[in-house]
Amino acid sequence: MNALVATNRNFKLAARLLGLDSKLEKSLLIPFREIKVECTIPKDDGTLASYVGFRVQHDNARGPMKGGIRYHPEVDPDEVNALAQLMTWKTAVANIPYGGAKGGIGCDPRELSRSELERLTRVFTQKIHDLIGIHTDVPAPDMGTGPQTMAWILDEYSKFHGYSPAVVTGKPIDLGGSLGRDAATGRGVLFGTEALLNEHGKTISGQRFVIQGFGNVGAWAAQLISEQGGKIIAVSDISGAIKNSKGIDIPSLLKHVKEHKGVKGFHGGDSIDPKSILVEDCDILIPAALGGVINRENANDIKAKYIIEAANHPTDPEADEILSKKGVIILPDIYANSGGVTVSYFEWVQNIQGFLWEEEKVNNVLKTYMNKGFNDVKEMCKTHNCDLRMGAFTLGVNRVARATVLRGWEA
């Protein structure tokens, strides 16, 4: 199912549970602004190449809009719209003073040199610099981008507006980035998983985990979970998939991935078909890659008791229904992967104050926010007699709706 259709569907279910007025519901759904720009750059060989860049600014009732910029061949307006909307609900669930946005450029970053990526990023920033800002819209890294991309955006933006470290988050530490930001989404996944397991009288230790996607989020989640005694029995990434039912040695795997650019060929596990990763026998499945990977085709074959959505929108609504009937408990993305945007908020606060927090403080305050978020979601589940996904959606939508009405913005 199309990501935008699925996100709209979940929003409408939440709006119905909350009894929202139809005019208010419509105004919450329509994006504040959609931007589409052409980015033409000279390639290293002297030829010109054009790429399409997007920025969807969904809602700013609760504060500046916030969301990542991804460089990926499949970036399209529908996907960016869906992800911008999810950011609106996610920041509200985390209870940080932001709205939602998302952006991207339709390109394959692996096919571009470093200098080409820099030129592309700077041209994109030139096209949108007057539409983003410290108190307007604060971008962050996403798929295919990272701290270096944010450094280029910061530098290009500062040429127009003066030095403004708070205009982007996920920056290098030397340019005002926050300690603990790199691990934040993965650490949030750990804290969310702990909160969920504690609710069911369990701990991380001894649970068998499967992680689909071994990028920044999946790798940090694996490392932190294994440090807590969790057993990672299978992982996959773009290069392939591996399995070891006795538990994968995560420090050795991280070293291998750094040297070989992927999990493929790792000797501490058997190679398996990457398509089978989601249906491996385990206690907890963590999809940490692309959206829509759990669908009606494979949902019946999933053996995990819990699914922790580290990726954005990994589960289709049809799969949700199938898994719910099977008794599988899903920790939804708009809560489970909110650790990254929460520490982005801490980074923004540090930049505005001009004061750097210690890493221990960042991690402790993140844990407080994740635990509070889980308890708030559970309260909404009790109030509306619904599952965790609808608990999270009703929590987020309700907070944004209240802010919209208080500001006098309802239609």
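All residue numbers here begin at 1 and follow the chain in the order shown.
Cβ atoms are placed via backbone N, Cα and C, with glycine included.
If you look up TrEMBL, you'll see LYS102 marked as active site, proton donor. Other C-beta atoms found within 10 angstroms of the C-beta of LYS102 (active site, proton donor) number 31, with every protein chain shown included.
What TrEMBL records for LYS66, LYS90, SER344 is substrate binding site. Around LYS90 (substrate binding site), the same-chain residues at least 6 positions away in sequence with a Cβ under 8 Å from its Cβ are GLY100, ASP333, ILE334, TYR335, ASN337, SER338, VAL341, GLY396.
All protein chains included, ASN216 (NAD(+) binding site) registers 18 other Cβ atoms within 10 Å of its own Cβ. Under the heading NAD(+) binding site, TrEMBL lists THR185, ASN216.
Long-range C-beta contacts of ASP142 (site 'Important for catalysis'), restricted to its own chain and to partners at least six residues apart, with a cutoff below 8 Å, comprise GLY67, GLY68, ILE69, ARG70, LYS102, GLY104. Look at TrEMBL and you will find ASP142 tagged as site 'Important for catalysis'.
Across the annotated binding residues for substrate (LYS66, LYS90, SER344), the two most widely spaced Cα atoms sit 13 Å apart. The highest number of surrounding Cβ atoms within 10 Å, among the binding-site residues THR185, SER344, is found at SER344.
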